[in-house]
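Peer 1: Got a structure here, written out as structure tokens. Questions coming.
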Amino acid sequence: MLCPAWLLAVAVVGVVRGVKGQCWENPRCHDLSSENNLLECIQLCRSDLTTKSPIFPVKVHLQPPSPSDSDSPPLYLPLSLLSPSSPLYPTEQQNSVSPQAKRSYSMEHFRWGKPVGRKRRPVKVYTNGVEEESSEAFPSEMRRELGTDDAVYPSLEAGTAEGGEAEGMEGVFSLQEKKDGSYKMNHFRWSGPPASKRYGGFMKSWDERSQKPLLTLFKNVIIKDGQQKREQWGREEGEEKRALGERKYHFQG
């Protein structure tokens, strides 16, 4: 009696073959009562598949591997040996490694990949109820307590009790305005220079500009003109006196 695995192998070969020109039409595959006839039929179907396999007009390394390769198991073996647990595929089980078992990539060559030294230890913040858990790990002076001191941080309720409800609301609105407004870089010296120093002082209006240089210019021009006029008047007076002296000398002679 034939094993069901052999019959299943023959059925798989017949299904892969297609509708037209099946290998079952061969007289060797009509009588499957013996094991020899069954093996001959399987070999015939295999040879028919290899001869009629499509040939791709591409390079050799891009073509699909033929079923006659050494790495593919023979078709006449039982299907129980084709399972992944069979010893025919030992390398695939060794090469298949779960992604969880792979080591994570640590970017140690970047300065933010792995902190060095004491930077690895996170800063722990303790409340009043959790201080007893790690009292031995950290000394008392290194702990940061999150205490709520009413003297340092007055609550809004105290302000409302004293009639300062408007002040509390103004503080809330001021915070909201800071969030909604544009960010001003006041801590940089180029954020908002005074108007007198913007663009070297050339973009100021006429009223904003200092008028001292203009007044000094007018004053210098007036003084210079006055000096020139006085010199001219002095020369004219000298010429007149000289002319009068010549006339007196002429009349006396």
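Positions of Cβ are set from backbone N, Cα and C atoms, glycine also.
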Peer 1: With reference to Swiss-Prot, specify which of the listed residues C23, C29 is paired with C41 by a disulfide.
Peer 2: C29
Peer 1: Reported as an integer number of Å, what is the Cα distance between C29 (disulfide bond) and C45 (disulfide bond)?
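Peer 2: So the alpha carbons of C29 (disulfide bond) and C45 (disulfide bond) sit roughly 9 Å from each other.
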Peer 1: Let me know the DSSP-derived helix, strand or coil state of C29 (disulfide bond), please.
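Peer 2: Going by the DSSP assignment, C29 (disulfide bond) falls within a helical segment, counted as helix.
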Peer 1: Including all protein chains displayed, how many Cβ atoms other than that of C29 (disulfide bond) lie within 10 Å of its Cβ?
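Peer 2: There are 20 such Cβ atoms around C29 (disulfide bond).
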